Amino acid sequence: MALARANSPQEALLWALNDLEENSFKTLKFHLRDVTQFHLARGELESLSQVDLASKLISMYGAQEAVRVVSRSLLAMNLMELVDYLNQVCLNDYREIYREHVRCLEERQDWGVNSSHNKLLLMATSSSGGRRSPSCSDLEQELDPVDVETLFAPEAESYSTPPIVVMQGSAGTGKTTLVKKLVQDWSKGKLYPGQFDYVFYVSCREVVLLPKCDLPNLICWCCGDDQAPVTEILRQPGRLLFILDGYDELQKSSRAECVLHILMRRREVPCSLLITTRPPALQSLEPMLGERRHVLVLGFSEEERETYFSSCFTDKEQLKNALEFVQNNAVLYKACQVPGICWVVCSWLKKKMARGQEVSETPSNSTDIFTAYVSTFLPTDGNGDSSELTRHKVLKSLCSLAAEGMRHQRLLFEEEVLRKHGLDGPSLTAFLNCIDYRAGLGIKKFYSFRHISFQEFFYAMSFLVKEDQSQQGEATHKEVAKLVDPENHEEVTLSLQFLFDMLKTEGTLSLGLKFCFRIAPSVRQDLKHFKEQIEAIKYKRSWDLEFSLYDSKIKKLTQGIQMKDVILNVQHLDEKKSDKKKSVSVTSSFSSGKVQSPFLGNDKSTRKQKKASNGKSRGAEEPAPGVRNRRLASREKGHMEMNDKEDGGVEEQEDEEGQTLKKDGEMIDKMNG
């Protein structure tokens, strides 16, 4: 049998029916009585010719579904050649339907914080670096740049096909925007032509909304079509690419997690995978994967930073002023390497300029940057004047919402939840995104923070805005214990980084002034213990750095240094020396000391740290003579000093309110606050 190539499902259906012998055609009608949705009467079917039957089915179901209905009946008759013919026609036609669906999504896509399509720096690495942050581990090796176009090139790696690519990067580096742009480019034929029949984007944050999460429903959800031809789509798994975006945001112990884990192990569907994640989640992700390729997302180059500013500031004078302000602040300029933080900085400066306000803040770390943004965008009263009562109420409500989400692994919130916290979603677009989710015939609204970084910032703030010690409660102490428990996290989370910055003396004073609240003395006492607990573990863990060090020459910093027990800190000192040279100080430190909190007891981490406190720096060779830092526009040579500190140089210091606080005298990292 030689069936002609059909140009449409209608044509294919007619060809298949005409190819049947008379007895086979009668048998088909018999099967159609049972499989058709409206149960056609026997007499009605018997009188229909091939053309009439095709027309009747198409009018009842539409061309695509009519082909599927006939295909199921032919399968029952074991006419496999005709089944394969119809399935292939259906699949070929549905590919274009799906591409059109993806292209239409772009028009109503909310790209979130990282809405720019600027090119990002991608570096290929042979491994993830185990449990360490890529910012540290990959300094020890030469990183090769990689393009999105070559991520799945057959010659890219010697790994078995289909390939797995793990794309890792700190919060805000642009992973989500990058993969959404990848899907759009594929749908337009610009990327991977002829390589993938389908590229499915799965948000690990939003997949929990699926009422029934299994693989067929997941594919239908991706297609935006409850009647998607799942069986035909899965027939060639090697031509499928699933993009699992934000593995670190996947809700634990959920049905969605189970389904995605099955997909990652690729036993049932051996497809290509692209998984994006923040580094802390790699420890749980990697055991499920076989051979894979690791790519680091490192944010903007210098050129792309300026391009991004140009897209944000259309007024030339504002653009000039914004660039000058950022370039004159080494911390801000470095921070703007991260697209998410660059968006925060641009939005903050633009709002200040629109109000005609002078920018008096000088951020010294990422916490200061988020603080400046939040204090600028907190709502005003009806007259346009800032109302301390309104601002403080909204701040507390945002903090309580963020804390509830973090406690329950929740990143999406229904409107009722916002109302419970006294928040009005539409009026808080500076902090919240709205997502329209189709539930049956209706639309249900969900809200999320504009970026996970905002939720973690407000979560850290929630420890400070409580009005008295009773509000801290046992639950709060358990939360802090969980944050600092070394068994739970090999890396310091972003929430913990924010909290550590806030608990510094100058940090708490600054927050109180900006947000017009005073930290209650009893709460301050609790926070002191939290700070001591964080300091006890900060030397033992790697930090999930927001500002990735991508310059290949920076790897010289680790030459001759054993990174297992030594903590490496980079400081830019003497910025205003007359010779204009930027000194670079590298300090190694070992953890020591035992901190006891009345709420947390003798933490396991302190016992482990005491054992390590007697160590010595191993194999310290003479460091590289200089490091070029193109991100800070410096071509000068630096120098490095290696200093071993037994206890990190903790000193006692009195703050303005007479509270005894501990301050790290040697380990202050100017680049990360």
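Positions of Cβ are set from backbone N, Cα and C atoms, glycine also.
The DSSP secondary structure for ALA171 (ATP binding site) is coil. Neighbour density for ALA171 (ATP binding site): within 10 A of its CB lie 21 other CB atoms from the protein chains shown. Look at Swiss-Prot and you will find GLY169, SER170, ALA171, GLY172, THR173, GLY174, LYS175, THR176 tagged as ATP binding site.
Sequence annotations record features per position, and here Swiss-Prot assigns compositional bias 'Low complexity' to 584-597.
Per Swiss-Prot, compositional bias 'Basic and acidic residues' is recorded for 633-648 (among others).
Taken from Swiss-Prot, the feature compositional bias 'Acidic residues' applies to 649-658.
Annotation comment: Swiss-Prot describes 659-673 (among others) as compositional bias 'Basic and acidic residues'.
Using DSSP to sort the residues of the domain 'Pyrin' (1-92) gives these counts of helix, strand and coil: 69 helix, 0 strand, 23 coil. The annotation domain 'Pyrin' is assigned in Swiss-Prot to 1-92 on the grounds of sequence analysis.
The feature domain 'NACHT' is assigned by Swiss-Prot to 163-469, with sequence analysis given as support.
As annotated by Swiss-Prot, region 'Disordered' applies to 578-673.
Look at THR176 (ATP binding site): DSSP puts it in a helix. Mean pLDDT for the domain 'NACHT' (163-469) in this predicted model: 89. THR176 (ATP binding site) is surrounded by 24 other CB atoms, counting those within 10 A of its CB over all protein chains shown. Note on THR173 (ATP binding site): other Cβ atoms within 10 Å of its Cβ, all shown chains, come to 28. Cβ neighbours within 10 Å of LYS175 (ATP binding site), excluding its own Cβ and spanning all shown chains: 24.
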